Every structure is written in C-alpha cells, then in structure tokens.
Amino acid sequence: MRHYYSVDTIRAAEAPLLASLPDGALMRRAAFGLATEIGRELTARTGGVVGRRVCAVVGSGDNGGDALWAATFLRRRGAAADAVLLNPDRTHRKALAAFTKSGGRLVESVSAATDLVIDGVVGISGSGPLRPAAAQVFAAVQAAAIPVVAVDIPSGIDVATGAITGPAVHAALTVTFGGLKPVHALADCGRVVLVDIGLDLAHTDVLGFEATDVAARWPVPGPRDDKYTQGVTGVLAGSSTYPGAAVLCTGAAVAATSGMVRYAGTAHAEVLAHWPEVIASPTPAAAGRVQAWVVGPGLGTDEAGAAALWFALDTDLPVLVDADGLTMLADHPDLVAGRNAPTVLTPHAGEFARLAGAPPGDDRVGACRQLADALGATVLLKGNVTVIADPGGPVYLNPAGQSWAATAGSGDVLSGMIGALLASGLPSGEAAAAAAFVHARASAAAAADPGPGDAPTSASRISGHIRAALAAL
C-alpha cells in the first residue's frame, strides 16, 4: 500500500530527528540518498558517473541545500558539477561551502553539455509557479532536452493538490524523502523514488493500492463456492439509443469475477448476443435476486430510466450510480443521502459539478472528500488520476500512468467491474480503488496489443484485457 503524507505530517516526523542529530546531518542523509539515485539515473542514461556533468539549479532554503550536497557527493564520485544560484544571498551556506570546496563551479546558466539537471528550486514548503528567473532557466533546459531530477517535488507544482498554475519543472525523476506526498500521485513527477531517512510517520488516510493489495482483495473462488456465493451483479443500463453501454457494462462485470451477472432493460437482446452467460430480462422486477446493482450507463433520463434508478436505490443492496443515473441524481441527492446500504458514485468532472454544485477545481482530493461526506456515498472522481473518497474514511489515489482509457464507453466498463466487486462483498471504497487499478492496467494492455508499440484502443478492447490484467497482478 502506498501512503501519502501531508507537509505538516512530514515536518512533525522530522522534528525529533532534527533535535537529536548533529546540525545538518539529516540534510546530508537525504542528499546522499538523492545523489545515489542521480548516480543510477546517470548510469542508466549515459553509462556511468565519472566524467559526466550535472548542474544544480538552486533556490533558497533547504531544498537548494539538498541539491548542492547531492552535487557535492557526485563531484566526489568523479562527476563535473555546476550550480546556478537563483538567490545567491539566501543560498544554504554550509552546503554551498562544501560544494565549492569539492571543486563544484558556480555558473550563470546551464551548459548545453550538461547530462542531467537537479531541480533544487522549491521544496515541499513552497507554493505557486516558478518565478521568472527559474522559469527561464528550465525553459532552456526543456528546449535542450536535458533530463531533470527533482528534489522532493518538481518545483512549481502544488505539493498537496498537484495543481499547476503557471511555469513548472518537467521532471524525468523525482526523489523524495521520508514519505510520499499527494503530488507524487496527483501530478506528473516522472518516475518517483522514495528515500528512507528514518522518519517515524503517523497514520495517513490518503492511500494508493499496489498490485499486491489488489491481488489480495480480488475475489477468487474457493472449493465451496458456486455462481451464487461469488456474488450476483445486477446491471440496469442501456437504452434503444445507447444499447452498447449495456453490452460494455455487463461484459466487464462478467470478466471481473466468476459469479453471475443479471441484466434488466431494453437492450437485453443485444446483451445476450454478446454475452450468452448473462441472465437477461426486460424489467428490474423480473431480474431476480442480486447482491449489488449497477445503474446508469446509457440508461437515458426518461421515465423508464428514472424508474430503474429509483428501483435500485430503494433496495438495501450496494448500488453503483454512473452516467445518466448521476444526471438524474443531481436533482434528487436525498435519494442517496438517506441510504444505509453502500452507494458508489462515479462522476467525471462535469457530472461532479452537477452533483456538488461546483467543479472539483484544483483540490480534487478535498472536493471529492466533501461530496462523499455530504452524500454519505463513496465518490470516484474520474481522470488520469482517479480519486476515490469514502465518507468519513480514507481517500485512494490511482494514477493511471497513461491516458488510453480516455475513450467512449471506458466508464461503462469501469462501472461493471466495480459492480461485480460490490456484489462479491468488497467494501465500496476498496472495490472502487481495486477496479480503477485493474481498469488502468487493462487500458494499457489494450493499447499495447498487438505491439510493438502503443496504439489507440477502445472500451471493448479494454474489457477484453481485464482478465489479462488480473492474471498479471
């Protein structure tokens, strides 16, 4: 499990170490880890460290000190080291002295011969975009295609929200210390490496699943299981206008677990043509017993669609609401707020704005939490980084790592997957987070098939790669 910590939590954990260690020892410990990772990056890119050139772009304060100490350690390993001081009067004095003593050079700009740039401009206590001088330096670095290693966070990106409101550093690698911060999931930080500096960190409720976490939770049939005990998923989706939504949603539910899927709606003929294992009926009342309902994809907002939504929410079963269901729900939020059974809402940004009365804005975690608490429902906010908030509970962050899932019908596939996990008995937040993780893996696999490179994919192909993504966990 990945844990993401606030700046205040990190600072509180650093305090006892700073009080007990000799002055500067914690900075040098962090910088040594940073230099080690930079050395690995240099070796991977250029074949070694000796004779290579690094340049630290140094701001005021400890972040710049980390960068200077790392450059000093690399200098001792045989690299040439330069430093651009953005604020010479406020540069970390001890780190600067060590850097110059090691033979490091102070320069006005980054040389075109530089193999790697160290971003030591702004640390986790900073905020806002790059100031003009730093922005100019990194614009030149980007134009020259020199890779950047960021110290703790890429400068110019908000540490708590991942928001970028102006010029910011584009990092190939970010090396962070002690614990991950939300920005490492919410923004593009390149590859992220965590260096252990000995912090004793308190509890965090901002989490991220890893493959082992998903594998441990995904239902696997046991020797006493049958199609009913594994969970029966009910799907209320599709219409004469959008029958494909029903096909995609039910197909994903079929692929996600080994139980049973029941479908009710006007697209039952199309569903059976694609998935003969589905039990299909024309109305929800005729569907039979299920353990969870998925309602909304392609459903329409007419009287029949409203009746299906009301039917599902009136049960004491877990319910996932998506797409047209969310559009109708925006006018009747009390239908969810009054439920005792688990409810999962899966809006994109536009649907979120209708539900919450305002778009999520830069603070997607805070906005998702607020809506989940207000409605008493698990909220999954779609995006390249999926944010899942449990009411009064944890938030799960799932960075997809690519954008191949941004295709029509992809959300219908995700809804079917989550519904199947709800039917299996998984708690709503974990079901949403696990499904989002596998959905992202399936999207990447679909884009990579048949290879050798990635290519545009579709929701049907994403659904077709769910099983492969599960098998690879």
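Backbone N, Cα and C atoms are what each Cβ position is placed from, and that goes for glycine too.
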Additional site residue, SER6, SER20, SER155, SER239 [criterion: listed by Swiss-Prot with ASN63, ASP119 for K(+)]: SER155
Distance check against ASP152 ((6S)-NADPHX 1 binding site) for the binding-site residues ASN63, ASN384, THR407, keeping those with Cα within 10 Å: ASN63
GLY298 ((6S)-NADPHX 2 binding site) versus THR407 (ADP binding site) - Cα distance in angstrom: 15
Whole-number mean of pLDDT values that fall within the region 'NADPHX 1' (62-66): 96
SER155 (K(+) binding site) to THR386 (ADP binding site) - Cα separation in whole Å: 23
Sparsest-packed of the listed binding-site residues (GLY298, GLY409, GLY411) - C-beta count within 10 angstroms: GLY409
Count of other CB atoms lying within 10 Å of the CB belonging to ASN63 (K(+) binding site): 24
